[in-house]
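Below is one structure; the comments refer to it alone.
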Amino acid sequence: MLDTPNGQCPCLPNFSGRLCEKCAPSFKNISAGCLNCDCDPIGSTSGECNSTTGQCQCKSSFGDVKCDKCAKGYYRNKETNDCIYCDCDPSGTEDEICDGSNGQCLCKPGFAGRRCDKCDDQFFGYPSCRECFCHEKGSKSLECDKITGECPCFANFTGRTCDKCSAGYYRFPDCLVCGCASAGSKGLTCDIEGQCYCKQNFQGKQCDQCLANFFNWPLCEACNCHPAGVVPQFAGCDKGELCTCRKNVQGRTCSVCKPNHWDLQSHHPEGCIDCACNMTGTLSLSNDCDQLSGQCQCKRFVDGQKCDSCQEGFYNIRADSHVGCEPCNCDIGGAIGIGCNQITGQCRCRPRIGGLKCDRPVQDHFFPTLWHYKVSEKRRILNK
């Protein structure tokens, strides 16, 4: 029966419309007889809902059909029963955002913290949070530096993840010590077999030996033994011997004559021969001479390889003279040259001149004076 005057049917309390064809506000599902919306009084803005879907009108922090749950990104405060913003870090949070019961953000793998705003254990480099991958054999811990990702390596390991052997160690993951000898190796490192990198004159796995024909560890010098200076039976440095010199030879390579000797030659039985200096004519009465020429060190007026003669114009070589010889002092007019006999000092005289210095006429001769020359000239004129 229609109500007058506009034809409004008299509806039951939970129906509405002119023909009572829809649910009244706060009711839903007309086919089921318009049931109560039952919206949560805390989470909804009113008691009304969509008459078809039953969706209540929720506050911004609430969700679900009846607004009785927290919206995505919010959690229930048990004291106030209100929904509070989770404030999750988007870099580290899963799509579900957070646990609605306690506000714990739902972290992606590798992230941690209530807001998922830091890296989890064994991860580093927020906000990317990559796995540390610390090598279990080389690292003291599987945890790495949160910023750099550097793992804490044992002394014989290196690399960000401790996946390499340190300098001076080899054969990962054992990383055994190379033990390279500092004197013979180019550095602390060795190859995968433990062979150190040796300097030029060294050998051995740890470069702790001299090469053949080198000696004197740790210097490992070349032998270079002088063939004329070593004894004939010398076996060579490769037999572990040093250069063995002949009697009159010295030096590491047997290349130098001993003092007072010279002329290193293989045909000399003792390597070098005696200088044989005439020490009467040498400085400081020395028997030393030049190693190559054999020239002795002569006094000022002494000459000869062995200092055994006086220079031209000198004679009588003497040990007690610091210049070695006396001057001949030959008469410049009566002598031929400045030289004299090395022993007697007799100058070489011109004809009819005698004396040690050639300064006297021979018997029955005289040296003419100016008067004699004048008389001779007058006679020549008178005889014309």
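Glycine is no exception: its Cβ is also placed from the backbone N, Cα and C atoms.
What TrEMBL lists as disulfide bond is CYS37-CYS49 (among others). Under the three-state DSSP scheme, CYS49 (disulfide bond) falls in the strand class.
The disulfide bond annotation in TrEMBL covers CYS39-CYS56 (among others). Under 8 Å, Cβ to Cβ, and six or more positions away along its own chain, CYS39 (disulfide bond) finds SER26, SER46, GLY47, GLU48, CYS49, CYS56, GLN57, LYS66, CYS67.
Look at CYS58 (disulfide bond): DSSP puts it in a strand. Other Cβ atoms within 10 Å of the Cβ of CYS58 (disulfide bond) number 22 in total over all chains. Here TrEMBL flags CYS58-CYS67 (among others) as disulfide bond.
The disulfide bond annotation in TrEMBL covers CYS86-CYS98 (among others). Summarising the environment of CYS98 (disulfide bond), the number of other Cβ atoms within 10 Å of its Cβ, over all protein chains shown, is 25.
Classification of CYS105 (disulfide bond) by DSSP places it within a strand. Per TrEMBL, disulfide bond is recorded for CYS88-CYS105 (among others).
Annotation comment: TrEMBL describes CYS107-CYS116 (among others) as disulfide bond. The local packing around CYS116 (disulfide bond), expressed as other Cβ atoms within 10 Å of its Cβ over all shown chains, amounts to 27.
Sequence annotations record features per position, and here TrEMBL assigns disulfide bond to CYS132-CYS144 (among others). Residues near CYS144 (disulfide bond) in space but far in sequence (CB under 8 A, at least 6 apart, same chain), listed by position: GLN122, PHE124, CYS132, CYS134, GLU150, CYS151, PRO152, ARG160, THR161. In the three-state DSSP assignment, the secondary structure recorded for CYS144 (disulfide bond) is coil.
CYS134 (disulfide bond) falls outside any helix or strand according to DSSP and counts as coil. What TrEMBL records for CYS134-CYS151 (among others) is disulfide bond.
Taken from TrEMBL, the feature disulfide bond applies to CYS153-CYS162 (among others). There are 28 other CB atoms within 10 A of the CB of CYS162 (disulfide bond), with all protein chains counted.
Annotation source TrEMBL lists disulfide bond at CYS178-CYS190 (among others). Cβ neighbours of CYS178 (disulfide bond) (same chain, under 8 Å, six or more residues apart in sequence): GLY168, TYR169, TYR170, LEU188, THR189, CYS190, GLY194, CYS196, GLN206.
Of all the Cβ atoms in the protein chains shown, 25 others lie within 10 Å of the Cβ of CYS207 (disulfide bond). The disulfide bond annotation in TrEMBL covers CYS198-CYS207 (among others).
Among the features that TrEMBL reports, disulfide bond is placed at CYS298-CYS307 (among others). A simple way to gauge crowding: the CB of CYS298 (disulfide bond) has 23 other CB atoms within 10 angstroms, across all the protein chains here.
The feature domain 'Laminin EGF-like' is assigned by TrEMBL to 37-85 (among others).
TrEMBL lists 86-131 (among others) with the feature domain 'Laminin EGF-like'.
Sequence annotations record features per position, and here TrEMBL assigns domain 'Laminin EGF-like' to 132-177 (among others).
Annotation comment: TrEMBL describes 178-227 (among others) as domain 'Laminin EGF-like'.
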Cβ proximity for CYS198 (disulfide bond), under 8 A, sequence spacing 6+, ordered by residue number, returns GLY184, SER185, LYS186, GLY204, CYS207
For CYS162 (disulfide bond): DSSP state (helix, strand, coil) = coil
Spatially speaking, which of the disulfide-bonded residues CYS58, CYS105, CYS107, CYS298 is closest to CYS162 (disulfide bond)? Use C-alpha to C-alpha, please.
-> CYS107
Integer Cα-Cα distance in angstrom, CYS58 (disulfide bond) to CYS98 (disulfide bond) = 19
